[in-house]
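Swiss-Prot has this to say about the protein:
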type	residues	note
TOPO_DOM	1-19	topological domain 'Cytoplasmic'
TRANSMEM	20-37	transmembrane segment
TOPO_DOM	38-633	topological domain 'Lumenal'
CARBOHYD	N132	N-linked glycosylation site
REGION	184-293	region 'Catalytic subdomain A'
BINDING	D277, H279, H415	Mn(2+) binding site
CARBOHYD	N297	N-linked glycosylation site
REGION	356-418	region 'Catalytic subdomain B'
CARBOHYD	N484	N-linked glycosylation site
DOMAIN	504-630	domain 'Ricin B-type lectin'
BINDING	D519, E522, H536, N541	UDP-N-acetyl-alpha-D-galactosamine binding site
Amino acid sequence: MAHLKRLVKLHIKRHYHKKFWKLGAVIFFFIIVLVLMQREVSVQYSKEESRMERNMKNKNKMLDLMLEAVNNIKDAMPKMQIGAPVRQNIDAGERPCLQGYYTAAELKPVLDRPPQDSNAPGASGKAFKTTNLSVEEQKEKERGEAKHCFNAFASDRISLHRDLGPDTRPPECIEQKFKRCPPLPTTSVIIVFHNEAWSTLLRTVHSVLYSSPAILLKEIILVDDASVDEYLHDKLDEYVKQFSIVKIVRQRERKGLITARLLGATVATAETLTFLDAHCECFYGWLEPLLARIAENYTAVVSPDIASIDLNTFEFNKPSPYGSNHNRGNFDWSLSFGWESLPDHEKQRRKDETYPIKTPTFAGGLFSISKEYFEYIGSYDEEMEIWGGENIEMSFRVWQCGGQLEIMPCSVVGHVFRSKSPHSFPKGTQVIARNQVRLAEVWMDEYKEIFYRRNTDAAKIVKQKAFGDLSKRFEIKHRLQCKNFTWYLNNIYPEVYVPDLNPVISGYIKSVGQPLCLDVGENNQGGKPLIMYTCHGLGGNQYFEYSAQHEIRHNIQKELCLHAAQGLVQLKACTYKGHKTVVTGEQIWEIQKDQLLYNPFLKMCLSANGEHPSLVSCNPSDPLQKWILSQND
């Protein structure tokens, strides 16, 4: 047994001895190879150093690949912790906005209106009638009316904080929601004043603060056009200190509305500009529809639906919940602004009260516009002076240069409409004619002659070339590639009657038998007889045209014609309006060689006998039936 164990041990010893020898031989052989390789590398290194560098680079690449592989393996393993998300940067100029609609809380006004006394003068927008006044009160009232051309006595007794009662706008206006995206732009409200009554100015300011969302109203800028009333200086400065967003800028000398508004626009910092007059009151939800429309259309110039505040009682004419027969702006050929009812095609285009109204012109006192677009489109004509014509000029320019004028019926702002201006013109009313000439020369092309025939002051300014430099305005017209006035008449205001560019005769109609001229009289909008009046050669009420249709037209503010009738001759709406209409017999006149004005329908002639011209049996020897039709000087 012991012998057997020794044999086993010997066998094992021999077996492992052979293994060790084999392993040793392999190791020895590997060492020899390494030595030889090292010697070879050393030789090569001494001769070719650049090859060594390439080898090192290859080794580095191999290491990089190995590390990348390790990282890939690591990333492929399940993660036990969640990392924070990486915030994505928003490109400069992009304004983030949330989806959905603004809430009532988001559109909360700047200030909450204080509690109201329902029995206070003018409360809820009601009329305040000033009757049974004492002698002193009556004198105060008369002084206020003379100074401001409205009842300042009543205004001073109405709270600066008065509300306007329930929101009476149509339901679609009250329920209208405004999208957060694109966001509603901010606005700077600009109010120009010159010797304005304290109560109307500050009621305007308070009204804006009580009805404008704080997130939209960036500032109220009061621009003082060199007021001389002391209460509008230090006292006003002190009063507005309580409102951080109200600021006052002042012009040391009176330069007028146009320059003052340009000053306000220069200092404004909001995305849009909203211009208001200094005797306004804003109704509920007035601002949002204006700004929403600009957010939708950068080129839209939008006005509120202007409600009337009675100049005597300060009653606010509130909107109807059933909607109303809206008006839009127009112009006449004396370049005065007016109102007219909507044509059928505009009524049919609008589906409800939230839809804007396209308007050929705008009143110009109350409107909102993108500040960037205001500057791009040419702001105001800086060479226009004081006031007058700037709204018609801007109306033509906006439409002809690619923008649009609109009225937003859900936006309601009240305005005190005065029958006359309380302010004087430093250079006289000639500045209005000069302003109008500037707009006519730039925007009306050959149609400007229609205006010049109706305004002798304007014609003289043109003749003397006293309208100033127009190069900047023409540069704007060229830069914006604006359309001509024919395009405007055909596409924007096709309803307007365009008088003959070259009428047979135009000017005054003078009696041979006495030194008097045919005159339409004051405020004759049709339906009244004409009068005979001293000839003045200034056009206006004594301007007439003998048309190619044989009418005698006085179409300045309205299309009015001499209308033959038994007895007194009247001024009535012209029956010929173009567009396949015809002239009725009562409005056809023939100028005969013997200077008679003959109506073939009644077979009678016009006579200057009496205060009012009339039709009589024709008598060529009667000097009162003879007329001179002549152009104004």
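Heads up, residue numbers simply count up from 1 along the chain you see.
Glycine is treated like the rest: Cβ placed from N, Cα and C.
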Rounded distance in angstrom between the Cα atoms of N132 (N-linked glycosylation site) and H279 (Mn(2+) binding site): 26
Spatially closest candidate among D519, E522, H536, N541, the listed binding-site residues, to N484 (N-linked glycosylation site) (Cα to Cα): N541
Cα distance (Å, whole number) from N297 (N-linked glycosylation site) to D519 (UDP-N-acetyl-alpha-D-galactosamine binding site): 47
Among N297, N541 [recorded positions], residue with fewest other Cβ within 10 Å: N297
For the UDP-N-acetyl-alpha-D-galactosamine site built from D519, E522, H536, N541, further residues of that chain with CB within 8 A of the site's CB center: V520, G521, I531, Y533, G540, Q542
Among H279, H415, the one of these binding-site residues whose Cβ has the fewest neighbouring Cβ atoms within 10 Å: H415
For the glycosylation sites N132, N484, the one whose C-beta sees the most other C-beta atoms within 10 angstroms: N484
Span of D519, E522, H536, N541 around UDP-N-acetyl-alpha-D-galactosamine - largest C-alpha separation, Å: 15
Sorted by sequence, non-D277, H279, H415 residues with Cβ within 8 Å of centre, Mn(2+): T200, T204, L276, A278, C280, I309, G365, L366, G414, V416, F417
Three-class DSSP secondary structure - D519 (UDP-N-acetyl-alpha-D-galactosamine binding site): strand
Pairwise CA distance, H536 (UDP-N-acetyl-alpha-D-galactosamine binding site) versus H279 (Mn(2+) binding site), rounded so that it is a whole Å: 37
Under 8 Å by Cβ from E522 (UDP-N-acetyl-alpha-D-galactosamine binding site), counting only residues of that chain that are 6 or more apart: N541
